[in-house]
Amino acid sequence: MTTAVRTSPSAPVLAGEKTPMQMMLVKVFAVVPLLVLAAAVPVAWGWGLDWVDVGLVAFFYTLTCLGVTVGFHRYFTHGAFTATRGLRIALVVTGSLAMQGPIIGWVADHRRDHAFADREGDPHSPWLFGTSAAALARGFWHAHMGRMFQRERTNAARFAPDLLADRDLVGELDLPHDRRPPVHREGQVGELLAAGHRRHG
């Protein structure tokens with residue numbers, strides 16, 4: 001069963017720029033985990049990391065991929081199926097573990113991608129720079145990672161008004177942390193998982 005996806009074509013495509021703090025956080029979350037992983041695995045293998053950890057990584061990688069592909073993409077972007085409230089929240093939480101940004105921004109970018117597929121205005125087209133080898137390499141980088149470092153923000157009021165109206169996704173951000181809607185607390189999931197995995201005392 002398919003659900004209707006609403007957009008508002010009369011609203012502007014862009015909604016300003018990301019703040020300097022948002023840009024700094026994107027850079028930190030994109031670079032630091034890779035550096036830490038590259039340093040930690042060789043140093044900690046055998047006394048801090050073992051095959052159980054490899055299994056946990058594989059499990060959470062798979063769970064996160066499903067959150068992005070089934071949740072962010074198929075359900076929230078395209079409305080490809082219907083879901084209960086609990087499943088919707090679980091899909092947002094597991095997709096958010098990928099650290100690809102807030103669900104509403106992700107969906108707005110992806111709907112904008114479909115509206116302007118492979119032409120000016122597409123936020124992550126690999127074809128915007130030409131067809132030479134260098135242009136294709138630049139396009140590949142832009143489509144998969146580079147776009148996260150751009151300052152422009154897609155207008156969610158135009159491309160994701162249905163999500164902006166969803167009380168589970170948008171809440172009063174000035175509420176105390178423990179009273180926010182569930183998806184504003186998904187950042188705690190990783191902390192809880194890390195704290196719970198203390199086998200290597």
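Numbers run from 1 along the shown chain.
Backbone N, Cα and C atoms are what each Cβ position is placed from, and that goes for glycine too.
On a predicted model such as this, the values are computed, not experimentally measured, just so you know.
Per TrEMBL, transmembrane segment is recorded for 28-48 (among others).
Per TrEMBL, transmembrane segment is recorded for 54-75 (among others). Residues 81, 83, 88, 90-98, 100, 103, 106-107, 110, 193, 197 of the same chain, all 6+ positions outside the transmembrane segment (54-75), place their C-beta atoms under 8 angstroms from a C-beta of that stretch.
As annotated by TrEMBL, transmembrane segment applies to 87-107 (among others). Within its own chain, the transmembrane segment (87-107) is flanked in space by residues 26, 29, 60, 63-68, 70-72, 75-77, 148, 153-154, 156, 159-160, 163-164, 168-170, 182-183, 186-187, 189-190, which lie at least six positions past its ends and keep a Cβ under 8 Å from the stretch.
According to TrEMBL, the feature transmembrane segment maps to 127-143 (among others).
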